[in-house]
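Here's the structure, in structure tokens; my notes come after.
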Amino acid sequence: MPDFQQPRLEGEQLEARYAFAKRVALEAAQRAMEFYTRRSSLIVEHKGSDLQDVVSIADQEVEAFIRGELARHFPDDGIVGEEGGSDGLQARCIWVIDPIDGTACFLNGLHNWCVSIGLLVDGEPLLGAVADPNHDELFHGFIGRGAFVNDTPLQAHGASHVGEGLVGVGTTHRPGHEHFLPFLHALLDGGGQFVRNGSGALMTAYVAAGRLIGYYETHLKSWDCLAGLVLVREAGGRGNDFLRGDGLLGGNPYLVAAPGVYDQLAAMIGASLDAP
Ligand code: 2AM
Ligand code: CA
């Protein structure tokens, strides 16, 4: 909770962070692209015992670049990053970053990956930037000011039934995957259809852009979606209470959707979506 004795963060301090997030996301995406063009020579490591959960020098070097920029410009801010862990979590401003979201796609030559940079202020998502260099798209948003892809405003889909569009989905080998097939079953029975593109940040941005009517992941990490949550909220979409409990560091089940189909999708998932 914010301490009411603390001074407000001035608008220009937040403005500087918004400009920073956009610039650094674009620069990081260009660096990632240089690795992508020679991906066959990258050494791939597996995280823990999960052979599908991979990381490469590209993830590590791009995150190191973002951390270096943060240390130079906002040394007192905290950070939660996929590859380098968390630091300075007592700070009011906490950056939540994923250097490459969609690493499995990246390493297999599929174009669904991006750089995701979000900012929490006093525990609330305030701004986000998601850079996709394969499609020259920078998704960005700031609470109260709207969300955009490049300069075009984003608006969530107007669907009122799941049959009216595509739902993004995803799962991992972490606990919660047992809810995946029952959800797909319910979605298909309800007349819906699904896609999985392998990047939580991009699928979230696509919900904000109205390209997907929803996106469900059985268990997601905060760096995959924090930036995107700002986009969805500003585009008129809805999301579950993803940051509850240990969401910031440990992750949670995740649903974002167009307002007219959120309740329908949440009912298909059931109680596991918001279980403590
Ligand atoms: P990551 O690439 O940063 O690990 C989409 O379904 C989400 O799941 C992504 O945000 C992605 O995050 C993660 N993901 C995709 N493929 C994965 C895999 N094979 N193993 C683990 N996580 C994966
Ligand atoms: Ca990643």
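Glycine is no exception: its Cβ is also placed from the backbone N, Cα and C atoms.
Per TrEMBL, the features are as follows:
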type: BINDING; residues: Glu82, Asp98, Ile100, Asp101, Asp224; note: Mg(2+) binding site
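Where TrEMBL records a feature, it is marked here on the structure.
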residue	record	Cβ neighbours (10 Å)
Glu82	Mg(2+) binding site	22
Asp98	Mg(2+) binding site	32
Ile100	Mg(2+) binding site	29
Asp101	Mg(2+) binding site	30
Asp224	Mg(2+) binding site	25
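Apart from the site residues Glu82, Asp98, Ile100, Asp101, Asp224, the chain places the Cβ of Asp59, Ile97, Pro99, Gly102, Thr103, Cys114, Val115, Ser116, Ser199, Gly200, Ala201, Lys221, Trp223 no farther than 8 Å from the centroid of the site's Cβ atoms, the recorded Mg(2+) location.
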